[in-house]
Amino acid sequence: GSICLEPKVVGPCTAYFRRFYYDSETGKCTPFIHGGCEGNGNNFETLRACRAICRA
């Protein structure tokens, strides 16, 4: 899906949520820390969800 091509967005807030995003350069779902606000669709709560949607 097109959301898988969106860049990783940490966002300006300072919360600490462990999430996963699809890295289109490596073709893998990769963990990152999300700040809790803003961002885009390339932000998954689980590795399984990221892999399922982005077929990683």
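From the backbone N, Cα and C atoms, a Cβ is placed for every residue, glycine too.
Features of the protein shown, as given by Swiss-Prot:
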DISULFID  Cys4-Cys54  disulfide bond
DOMAIN    4-54  domain 'BPTI/Kunitz inhibitor'
DISULFID  Cys13-Cys37  disulfide bond
SITE      Phe17  site 'May play a key role in exhibiting antihistamine activity'
DISULFID  Cys29-Cys50  disulfide bond
SITE      His34  site 'May play a key role in exhibiting antihistamine activity'
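Features recorded in Swiss-Prot, as mapped to the structure shown.
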residue : record                                                          : Cβ neighbours (10 Å)
Cys4    : disulfide bond                                                  : 19
Cys13   : disulfide bond                                                  : 13
Phe17   : site 'May play a key role in exhibiting antihistamine activity' : 15
Cys29   : disulfide bond                                                  : 23
His34   : site 'May play a key role in exhibiting antihistamine activity' : 21
Cys37   : disulfide bond                                                  : 10
Cys50   : disulfide bond                                                  : 24
Cys54   : disulfide bond                                                  : 21
Query - DSSP state at His34 (site 'May play a key role in exhibiting antihistamine activity'), helix/strand/coil - result: strand
Requested in this report: For the domain 'BPTI/Kunitz inhibitor' (4-54), provide the mean pLDDT of the predicted model.
Outcome: 98
Query raised in the report: Of the recorded positions Cys4, Phe17, Cys37, which one sits closest to Cys29 (disulfide bond) when you measure Cα to Cα?
Result: Cys4
Report summary line: Quick note, His34 (site 'May play a key role in exhibiting antihistamine activity') and Phe17 (site 'May play a key role in exhibiting antihistamine activity'): C-alpha atoms separated, nearest Å, by 5
Report task. Between Cys13 (disulfide bond) and Cys4 (disulfide bond), find the distance joining the two CA atoms and give it rounded to the nearest Å. Result -> 22
Requested in this report: For Cys4 (disulfide bond), identify the closest of the recorded positions Phe17, Cys37, Cys50, judging by Cα separation.
Outcome: Cys50
Report task. In three-state terms from DSSP, label Phe17 (site 'May play a key role in exhibiting antihistamine activity') for me. Result -> strand
Query raised in the report: Cys37 (disulfide bond): which of the recorded positions Phe17, Cys50, Cys54 is the nearest Cα neighbour?
Result: Phe17
**Report entry** Inter-residue Cα distance where the pair is Cys50 (disulfide bond) and Phe17 (site 'May play a key role in exhibiting antihistamine activity'), in Å
**Finding:** 15
